[in-house]
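Take a look at the structure below.
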């Protein structure tokens with residue numbers, strides 16, 4: 001009986017354990033932290049062995065396969081030891097792929113992955129296709145496969161997960177953008193990070209399709225070392241020679257395989273240039289997957305995005321409050337700032353990721369009237385925008401930030417939470433930050 005070891009009992013590890021058990025593996029779950037009580041009960045019911053609070057190396061070295069949490073880097077001493085022992089160390093998605101007969105659509109990029117993945121899933125469902133959703137959005141793919149397979153799977157994948165792919169081959173891969181993020185995992189090298197992203201395509205062949213945003217110079221550079229041979233499907237902001245999807249005359253336009261299709265951007269829920277690019281990638285993808293083209297446009301009108309992504313919370317005295325707490329890097333915040341023509345009150349700050357705020361100068365000058373720095377250390381933000389934004393305030397209280405936004409706002413202004421920073425100085429995570437922002441706005445509205 002094959003022994004499969006699971007490192008970590010989070011969403012992906014739990015799903016992998018149950019899928020391995022279903023297929024007759026001898027499963028051992030090892031978590032250096034605590035295992036949730038409900039998961040321990042599930043393991044006991046199925047006689048799945050587990051340990052918590054440690055990794056017992058002697059119980060791991062006799063495994064035929066190790067499935068690790070994406071949060072554990074390949075440079076971790078434990079993982080290095082397992083690899084040196086000749087044991088394959090893979091990702092949950094790689095493991096799940098071995099037990100699915102469905103075709104895979106894999107979406108990656110520094111920003112926009114979740115929105116694009118959810119939109120592709122929504123469009124395919126509306127077109128009547130048999131499709132599931134997994135990866136970094138929704139339930140664990142492995143856990144879903146315990147119960148049911150689908151003809152298509154839409155997977156949001158990170159560079160951390162792609163590192164653990166061996167045989168996983170998408171039928172359609174989507175690469176939205178590459179900008180500096182998570183560089184601590186890649187020796188602070190943008191080139192290494194980009195190489196991890198492009199690795200998604202290395203097993204693809206000419207029958208598969210690679211949808212990518214052609215104007216991104218980091219993508220172009222990474223593609224020079226691309227090992228796979230997928231059919232290339234470039235999209236962009238302009239109708240250039242060879243571009244298969246583009247934005248022109250305020251419309252999404254697709255021109256591929258004899259098809260010419262367009263849809264007005266004002267007939268879409270998603271707004272802003274970055275979301276038009278996400279929508280272009282999504283519509284191109286579902287067309288390549290064989291969706292009924294007549295169903296796509298109407299489905300763009302009723303899509304509901306995930307929380308904390310350009311989420312409209314409320315309007316108070318004519319000031320519109322927008323929650324973009326997921327904007328945790330400079331590129332994401334640049335997209336958010338550029339999505340509005342109205343005067344802006346910008347709430348930003350948190351744990352800086354080595355940000356180059358000069359990249360935001362053209363977005364804030366003569367556009368942002370007030371910057372509210374929300375974080376424990378706001379000095380870098382204040383210095384970066386001093387003299388560029390008329391008024392800069394600082395606080396560690398999100399309720400105060402919301403109150404100041406209303407007090408300093410005028411009818412027609414937008415108060416935008418788009419931090420460009422991580423959240424863990426004042427909050428549990430970006431979701432907690434966004435939830436507290438929304439709660440503060442609603443409380444103020446109901447006063």
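Backbone N, Cα and C atoms are what each Cβ position is placed from, and that goes for glycine too.
TrEMBL entries are annotated by machine, without manual review.
As recorded in TrEMBL:
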{"type": "DOMAIN", "residues": "107-285", "note": "domain 'Mur ligase central'"}
{"type": "BINDING", "residues": "109, 110, 111, 112, 113, 114, 115", "note": "ATP binding site"}
{"type": "DOMAIN", "residues": "308-421", "note": "domain 'Mur ligase C-terminal'"}
Item to check | Least buried by Cβ count (within 10 Å) of the binding-site residues 110, 111, 114, 115 | outcome: 114
Next on the checklist: Quick check on the domain 'Mur ligase C-terminal' (308-421): DSSP residue counts for helix, strand, coil, in that order please.
Outcome noted: 35 helix, 35 strand, 44 coil
Item to check | Nonlocal residues around residue 113 (ATP binding site), in sequence order (Cβ under 8 Å, 6 or more apart) | outcome: 107, 136, 137, 156, 157, 158, 176
Checklist outcome for this item: In all the protein chains shown, the tally of other Cβ atoms within 10 Å of the Cβ of residue 109 (ATP binding site) is 25
Item to check | For the ATP site built from 109, 110, 111, 112, 113, 114, 115, further residues of that chain with CB within 8 A of the site's CB center | outcome: 107, 116, 176, 177, 278
Item to check | Model confidence over the domain 'Mur ligase central' (107-285), averaged pLDDT | outcome: 93
Item to check | List of residues, in chain order, with Cβ under 8 A from that of residue 112 (ATP binding site) and at least 6 apart | outcome: 176, 177, 274, 275, 277, 278
